[in-house]
Amino acid sequence: MDSLQRLNGLLTLVLSALWHLGLTASNYNCDDPLASFFSPMTFSSSLDLTGSYSSAQLNWKMGTGGWSPVDSNAQQWLQIDLGNRVEITAVATQGRYGSSDWVTSYRLMFSDTGHNWQHYTQEDSIWTFVGNMNADSVVHHRLLHSMRARFVRFVPLEWNPNGKIGMRVEAYGCSYRSDVADFDGRSTLLYRFNQKTMSTLKDVISLKFKSMQGDGVLFHGEGQRGDHVTLELQKGRLALYLNLDDSKARLSSTVPLVIMGSLLDDQHWHSVLLERVGKQANFTVDMNTQHFQTKGETDALDIDYELSFGGIPVPSKPGTFVKKNFHGCMENLYYNGVNIIDLAKRRKHQIYSGNVTFSCSEPQIVPITFVNSRSSYLMLPGTPQIDGLSVSFQFRTWNEDGLLLSTELSEGSGTLLLILEGGTLRLLIKKVAGHGTEIKTGSGLNDGLWHSVSINARRNRVTLTLDNDAASPAPETSRKQIYSGKSYYFGGCPDNLTDSQCLNPIKAFQGCMRLIFIDNQPKDLISVQQGSLGNFSDLHIDLCSIKDRCLPNYCEHGGHCAQTWTTFYCNCSDTGYTGATCHDSIYEQSCEVYRHKGHTAGFFYVDSDGSGPLGPLQVYCNITEDKIWMTVQHNNTELTRVQGSSPEKPYSMTLNYGGSMEQLEALIDGSEYCEQELKYHCRRSRLLNTLDGTPFTWWIGRSNERHPYWEGSVPGVQQCGCGLEESCLDNAYFCNCDADMDEWSNNTGLFSLKDHLPVTHVIITDTNRSNSEAAWRIGPLRCNGDRHFWNAVSFSTEASYLHFPTFHAEFSADISFFFKTTALSGVFLENLGIKDFLRLEMSSPSEVTFTIDVGNGPVELLVQSPYPLNDNQWHYIRAERNVKETSLQVDNLPLSLREASEEAYFRLHLTSQLFVGGTSSRQKGFLGCMRSLHLNGQNTDLIERAKLMSGVTPGCPGHCSSYSSNCHNGGKCVEKQSGYSCDCTNSPNEGPFCQKEISALFDPGTSVTYMFQEPYLVIKNTSLLSSPIYTDTARSKETIMLNFLTAQAPTILLYLNFSSQKFLAILLSSNGSLQIRFRLSKGESHVYTMSTENLANGRVHQVKISKDGPEISIQMDQQLFSYNFSTKVEFWTLKSLVLGKVTETLGLDPEVAKVNILGFLGCLSSVQYNHIAPLKAALRHAGVAPVTVHGTLTESGCDSTLDSDVNAVTTVHSSLEPIGKRDEQEPLTNTVQSDSAVIGGIIAVVTFVTFCVIGIMICFLYQHKQSHRTNQTKEKEYPETLSNSFRNVIDLQNTASECKREYFI
């Protein structure tokens, strides 16, 4: 019922708005010529005219044939006085008859009084009209919004470069009737009701107003039960208070329900319309409408006794008001169809008025605008050498800094400066020598409001007054008399003056000033305009052209708008968006995109519609090798027990997923598959078994509908899954729980119909009987698959295209997609309007252009690529246009950007269909593939549209040609229908990109042995089964890789056992340097020592050994060593590969055997020999791989540092260090010779003491150990930190520790 009432209210408001629009449009006869019937004095101009005033009429051919000023410059204007306020709906222009003088563009201004002019605006910008191309043709413009004014000005902007300014003009419209009331700031109009209370379900209040002040109450009404409605000006903005039947919400304690408008104290007319139907309301200020819902408990507004306009009088206290009264004029004031001002004029008994008059008295205030921050200034003369000075004026600005006033004082008194610095007013009197005087006052004065300033100096004291609040007077420190100067410079300084005449330590002022007084005398600024008083540069006289660039607010997604005089900025902090207008999301649109950018599992924010209106939502992305699961948690994932519920008193739980339903729907709709698990445990608690078919328990999904199907069943069938399969505990029922047994049973299963997910409510009504109880759990929402990221099509002909509805993006437009092609050029997409258009194309094999026209001329952006874009690889394009800038991005190439004009924000008006892959002319179409097309964040389903069009095929194969490089460490790219995956079979790593290291902790007694007698069955690539490592033939190329971390030296890392007692061992010597010891042919063993750097330092190090024929290269971290065998050496058939301690010691090289006694204590990761990953086989495929594990092997990540206690224990120096014959070809540049005898002696002493301490510690620990430890392989563990885990491994060493103890003794 509430939704129906809300819909009713919205429909009524829409119809009401259309009715008001119809009233405006119904005046279709308002197009009569207005200027032709007036006397010649109707026309006037800025300065000289070549002929009489009457010659400016349209089609005038006599005399000079029109208006043409002597000087053609930007200060000229032609003005028409239409006698009274009229409604102007159109204008027309011609050039001067029989001449080469015409205007090619112009602006319109209008005024009620001939002063305080106002620009005609359209689309929130000062509108420029297209003028004439010759002297005789008439160019007619119908105004989008009519003007109501007495005076109209035509202001030429550009004219024929081969002639001068010349115009003949006409204005079209009709008479305008209005009822006006003038409020002096102390008066009100009261509309008394015939009954005590006026109760209304619908209200329409409309009026127009012009205000002299920034604050004041326009209307107010209230009731005894808390109802109230108030419209109030607050600092130049309209604040609306509206409350229905809520006694707690009093006007004095509430905040405005809606705030709209800005700069409404500009003494121009502004329109207001308030429409309410029940709790639904529309509030419109100057054609900008905001819809809102009122506060309160009922739909009726109950107002007692009266409505007041212009103020809130206090009952029984005449002349007393609750808030500041309105000072200004109101026009055409209507309350629910009643013309309030007309009743007051006719002195009807319902109206009680204070000091209200019925004509608008407007003071002749002339404002001026300082336009340029470098060259604007106003010079006004003063009376020099007066004892003291007095200057006052009002200003308004958006800039924090600017010069307000500079004047050179007489008699060596110095220079007086008044500047705005950081929004604070600062008065300085600077002396030629010595210190001056300084006064500061105010803050935030760049708020766009009018502020009054007064400076008074007498004798040696100076007073600065801001907004009638005087700052502390400052004495002039020199005690010297202050004398006034002869010239006062406002806003800036001319370029030709010295610093003593006009000093400006800051940039010129940009803003408005008015009511300038010097020596208590007002200055006539019209005389300044006419050249008879003072001097000026870059000023607009008789208008204040301040504009609120934050209204409307172009900062999207909650971005905060800040502005200066010329532009605005968006602060996007904490919004989740970035860019000039906070348009671009900083988050990706799905877990698939995070995977594509190299991320692994974790919590991420997902913004399903990108730059669209939906905000980001936190999800968990479980990115694995086969599927990518997106999980959204809710507020009740634990098992919940329920008792005492009945149909009369049901149990209900609402699930909160941390986001709106629209966000969740977008996530689900963008996924291929979604599910939620339900576990319902029951004891004498039924689900569906009722006599009338009404379920006892149900759940509610996304569309707010009840769903009584459970556990694997299907919609529309009121059963559980076991009922469909006929497998319930009691086949007489369709659910296990419906058997109503005293024992616990359950119905558990998955909901997977996307149109019904997510589960939002659970309702249970059958747990109020004896021993009746239920327990339920709804799992998180889980989805996989991305319907958008791999949504691709192929265009096969230049004439083929896809068409979509018109792209609506008036102020913000972003387009992104991937493409690949072999063609030389082609149009990606195009959308046309009457004048506007946008086009995105590959103009050459290395260039992409984005062309857009929003009505002010085409803008073309170009990105040139240093590599060809037609290489049949996927490339990414993103084009964006907003009111601040236009940009084009291709791949990761430099961004092409063009800033927009600050003077106008044009809407993009497109009318045709959007053509993708081609153009409306079916020429220059794109040949190739496109995918993942997004328009303003919304996905465009290319595949579905391609099914309806010829020449376009759904899908596009060949992803691995672009993305195979994403598969690392030997991983292989595998094509999929939608995208690709990485096969990590031949990689020592795992994960979606084969980047996740597989690593394990080793005890001194741990041994991992991989046997090579036969290939193991885990290998997925059958071609590897014939690898030479399984045969008796030798390989010419071999590769060994491993990462290690240890604090033990000496130690053994890896051992390769070949036939005929040949071997290769990777060791750390006693000083921690890396050694490669091998015997690959008959003869003695050889050893390569890579470096004397201590690698047993608790950090991860990487070793890679590559053999190619007689050459062998060894890379250790960032160092590379190269060697050549002196004789032919081959890697013969391997028998086994051992990590850690070698268990088969028969025939073991004596030197290796000595190190092998200690085993390996530390961490190994990413171990690989050719295509074999022995550590991965031991941890992932131990049941089928030919691998044997002895001792404790614990899976854990290798950390980069170890606990300090570990480092203190494990560096062991042994006198039994294996020594062998050094290869003669080992490079001397990468080795360090033996230490001196003195250093060796010191080390020996330190080593002996260390051995003793370690031996005592090990004996103490050994007494607390088990007497026997069986060989085992631990299952996968994830310790919180490696340091703690590693320390425990060392502290709890097994029997190998005993061996080490005996070895040291």
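Note that the numbers count up from 1, one per residue, in the order the chain is shown.
Cβ from N, Cα, C; glycine included.
Annotation comment: Swiss-Prot describes Cys329-Cys360 (among others) as disulfide bond, evidence class similarity to another entry. The Cβ of Cys329 (disulfide bond) has Val180, Ala181, Asp182, Phe183, Phe209, Lys210, Cys360, Glu362 as same-chain neighbours under 8 Å, each 6 or more residues away in sequence. The DSSP secondary structure for Cys329 (disulfide bond) is strand.
The feature disulfide bond is assigned by Swiss-Prot to Cys512-Cys544 (among others), with similarity to another entry given as support. Using a 10 Å Cβ-Cβ cutoff, Cys544 (disulfide bond) registers 24 neighbours. Cys544 (disulfide bond) falls outside any helix or strand according to DSSP and counts as coil.
Residue environment of Cys561 (disulfide bond) contains 18 other Cβ atoms, counted within 10 Å of its Cβ in all protein chains. Look at Swiss-Prot and you will find Cys550-Cys561 (among others) tagged as disulfide bond, backed by similarity to another entry.
What Swiss-Prot lists as disulfide bond is Cys555-Cys570 (among others). Taken residue by residue with DSSP, Cys555 (disulfide bond) is part of neither helix nor strand, so it is coil.
If you take the C-beta of Cys572 (disulfide bond) and look for same-chain residues 6 or more apart in sequence within under 8 angstroms, you find Cys555, His557, Gly559, Thr578, Gly579, Cys582. Residues or ranges marked as disulfide bond in Swiss-Prot: Cys572-Cys582 (among others).
What Swiss-Prot lists as disulfide bond is Cys929-Cys956 (among others), and the listing cites similarity to another entry. In the three-state DSSP scheme, Cys956 (disulfide bond) falls into the coil class.
Annotation for Cys973 (disulfide bond): spatial neighbours His959, Cys960, Tyr963, Ser964, Asn966, Cys967, Tyr980, Ser981, Cys982, Asp983, criterion Cβ-Cβ under 8 Å with sequence separation of six or more. Cys973 (disulfide bond) carries a strand DSSP state (E or B). Residues or ranges marked as disulfide bond by Swiss-Prot: Cys960-Cys973 (among others).
What Swiss-Prot records for Cys967-Cys982 (among others) is disulfide bond, and it gives similarity to another entry as the kind of evidence. In the three-state DSSP reading, Cys982 (disulfide bond) counts as strand.
The disulfide bond annotation in Swiss-Prot covers Cys984-Cys994 (among others). The number of other Cβ atoms within 10 Å of the Cβ belonging to Cys984 (disulfide bond), over all protein chains shown, comes to 26.
Here Swiss-Prot flags Cys1163-Cys1198 (among others) as disulfide bond, drawing on similarity to another entry. There are 24 other CB atoms within 10 A of the CB of Cys1163 (disulfide bond), with all protein chains counted.
Sequence annotations record features per position, and here Swiss-Prot assigns domain 'F5/8 type C' to 25-174.
Here Swiss-Prot flags 367-544 as domain 'Laminin G-like 2'.
Summarising the annotation, Swiss-Prot assigns domain 'EGF-like 1' to 546-583 and lists sequence analysis as the type of evidence.
Marked as domain 'Fibrinogen C-terminal' by Swiss-Prot on the basis of sequence analysis: 584-790.
Annotated signal peptide per Swiss-Prot: 1-24, in sequence order, evidence recorded as sequence analysis.
The annotation transmembrane segment is assigned in Swiss-Prot to 1238-1258 on the grounds of sequence analysis.
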May I have the DSSP-based helix, strand and coil counts for the residues of the domain 'F5/8 type C' (25-174)?
8 helix, 70 strand, 72 coil
For Cys550 (disulfide bond), which of these disulfide-bonded residues sit within 10 Å, Cα to Cα: Cys512, Cys544, Cys929, Cys956, Cys984?
none
How many Å separate the Cα atoms of Cys956 (disulfide bond) and Cys512 (disulfide bond)?
61
When you rank Cys561, Cys984, Cys994, Cys1163, Cys1198 by Cα distance to Cys544 (disulfide bond), which of the disulfide-bonded residues ends up on top as the closest?
Cys561
Does Cys512 (disulfide bond) have same-chain partners at least 6 apart in sequence with Cβ under 8 Å from its own Cβ, and which are they?
Pro367, Ile368, Thr369, Phe370, Phe395, Arg396, Thr397, Cys544, Ser545, Ile546
Confidence summary (mean pLDDT) of the domain 'F5/8 type C' (25-174):
87
Within 10 Å of the Cβ of Cys582 (disulfide bond), how many other Cβ atoms can you find? Include all protein chains, please.
25
Assigned conformation of Cys570 (disulfide bond) - DSSP reduced to three states:
strand
Around Cys956 (disulfide bond), how many other C-beta atoms are within 10 angstroms of its C-beta?
21
Work out how many Å separate Cys1198 (disulfide bond) and Cys570 (disulfide bond) at their Cα atoms, rounded off.
45
Checking the contact step here: among the disulfide-bonded residues Cys570, Cys929, Cys984, Cys994, Cys1163, which have a Cα within 10 Å of the Cα of Cys561 (disulfide bond)?
Cys570
Cα proximity to Cys984 (disulfide bond), best match among disulfide-bonded residues Cys570, Cys929, Cys1163:
Cys1163
